[in-house]
Amino acid sequence: MRLRRLALILGVLLVLAGLSACGSLTGQTSGGDDDKQMSREAEQQQVAPEKGREGASGGEKTIAEAPENTVLRLTVPKMERVKNARIPTGRGDDEALLRDNVAIHLLYTGFPWEREANVYIAGHRLGYSGTDSYLAFYDIDKLEKGDEIILRDANGTTYTYEVFRTLVVDPTDLHVLNPIPGKNIVTLQACTLPDYSRRILVQGELQDVKQA
């Protein structure tokens, strides 16, 4: 558990500190074999924990059956470019994964099928031209209380969240990764504009679960 916690903190620090999900990246290409290797590793991690482990299906820890594949689909009706977007799980420093997707679910954070979770999703504000990341979370600041954030898992179960707050935090503020006791929430993260010096977070609380 200690190693898992340290890995989670490192991953969040990398996202919050701006090594990923930030910056004026339009037109850049990131690179090479290291990025490809990290993305391959991420693809291999898209498997839910085995039954009986933390976050696994069964018992009171879950509200729906955990799928074998942990890739999520994200729809935010008020965000123009986030419609049924593929959200893989990955490390906070996996720039290739961030570049090639609208956003990523941060490794070791919660999943929507867990009873108590903080499903932490980070995306680019500007991103890379010609990729799914381009301007993906540009309009994150338009979200208001009551707006919907919708996740769907590989089993087809749909989780509807309602925005309850927006935060602006410093890059090293780690409290944002913590779940709220007894609640299932989703956190969307991007950088503030124009200088990317801080992080904007939008959080929603689970309101409805629909099985496929």
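From the backbone N, Cα and C atoms, a Cβ is placed for every residue, glycine too.
Taken from TrEMBL, the feature active site, proton donor/acceptor applies to H124. Annotated active site, acyl-thioester intermediate per TrEMBL: C191, in sequence order. Residues or ranges marked as compositional bias 'Basic and acidic residues' by TrEMBL: 33-43. Among the features that TrEMBL reports, region 'Disordered' is placed at 27-64. The signal peptide annotation in TrEMBL covers 1-23.
It is 7 Å from the Cα atom of H124 (active site, proton donor/acceptor) to that of the residue listed as 'active site, acyl-thioester intermediate'. Within 10 Å of the Cβ of H124 (active site, proton donor/acceptor) there are 28 other Cβ atoms, across all protein chains. The Cβ of C191 (active site, acyl-thioester intermediate) has 25 other Cβ atoms within 10 Å, all protein chains considered. The DSSP secondary structure for H124 (active site, proton donor/acceptor) is coil.
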